[in-house]
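Asks: Questions regarding the structure given below will be posed in turn.
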Amino acid sequence: MEFWGVAVTPKNATKVTPEEDSLVHISQASLDCTVKSGESVVLSVTVGGAKLVIGTLSQDKFPQISFDLVFDKEFELSHSGTKANVHFIGYKSPNIEQDDFTSSDDEDVPEAVPAPAPTAVTANGNAGAAVVKADTKPKAKPAEVKPAEEKPESDEEDESDDEDESEEDDDSEKGMDVDEDDSDDDEEEDSEDEEEEETPKKPEPINKKRPNESVSKTPVSGKKAKPAAAPASTPQKTEEKKKGGHTATPHPAKKGGKSPVNANQSPKSGGQSSGGNNNKKPFNSGKQFGGSNNKGSNKGKGKGRA
C-alpha cells in the first residue's frame, strides 16, 4: 500500500490514472487557507463520461470532508472554487482481491462438480434397480398371493378392532361404575345434608309452643284476679255485722218494692225489712245499733212510697 495525493487548482480538472493491477482510494479533501469566509466550493468527479458531485466545502463550516471512494480506472477531479486550491489525499493498493477470488473459484469448481455427480448417479441407479427388481418380482406372480396375505391382515384388523371395542366397553362400564359410585356418594351426601338441615329445625316448634302456653296462661291469671276484688267487700260486711244493719245494694232496682225483699233473703243481713215492725227484733235492739236501724227503716219506707 502507498500513500497518494493531488492538488486541484481553480477552473482546472485533474486526471488520475491507476496503475495496472492497482486501485486508487480517496479518503479526504480539504481547502487552502486563502479561501474567503462564507465561500462554498462544490467538489465533483467524472468517471466514464459522467460527472458526479461528491461534496461541498466551506471555510467557516466544513473546511474538510472524508470519503471512501475506490477507483480502478481513469477518473477526473474538479471543483467550483475561483481562488482556493482543493487537496485530495488517499492511498494506492494492488488489486489482489480479484486474483484471490478467481483462484478460489477455480479450485472450488472442479472439486464440487465431479463429487456429487457420481454419487447421485450411483444412488439413483441403485435405487432404480431396486425399484425395478421389486416391481418385476410381484408382477411375475399373479394376485393369488395377495388375497391370502390380505385375509390375515383383515382378520388381524378385525381382532384388533374387537379388542379395541372390548376395551372401550370395559372403559365405559368402568366409567358407568364410577358414575354410579359418584351418584351414590352424592345421594348419601345429599341425605346427610338434609338430615343436618332438618335437625336444627326441630327446636323451632318448641319455641313456637312457648308463646301459646303463655297466652293460655294469661286468661287464667285474669280469672284469678276476680276473687282479688272480694277482700274489698269483706270490710264492709264486717262493719255491717258490727252495726247489725244491712246496707242497701249499690245498684238499686228500678221497682221500689223489690229492694226490701232482697235484703230479707240474704243470710248475712240483720233480718231487716221494708216494714217498721221488723226493726223491733231483740238481736237488733240496743243503743249501739239504734242509729243503724232507724236509718234502715227510713230507707225502706222511702223506697216503698216511691
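Glycine too: its Cβ is placed from the backbone N, Cα and C atoms.
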Asks: Which residue range, 2-5, 22-25, 74-77, is the one Swiss-Prot calls region 'Required to repress transcription'?
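Replies: Going through 2-5, 22-25, 74-77 one by one, Swiss-Prot flags 2-5 as region 'Required to repress transcription'.
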Asks: Pick from Ser93, Ser259: which does Swiss-Prot describe as phosphoserine?
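Replies: Per Swiss-Prot, the residue annotated as phosphoserine is Ser259.
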Asks: Mean pLDDT for the region 'Required to repress transcription' (2-5), as a whole number?
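Replies: Average per-residue pLDDT within the region 'Required to repress transcription' (2-5): 88.
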Asks: How many neighbouring Cβ atoms, not counting its own, are there within 10 Å of the Cβ of Met1 (N-acetylmethionine)?
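Replies: Result for Met1 (N-acetylmethionine): 10 neighbouring Cβ atoms inside 10 Å.
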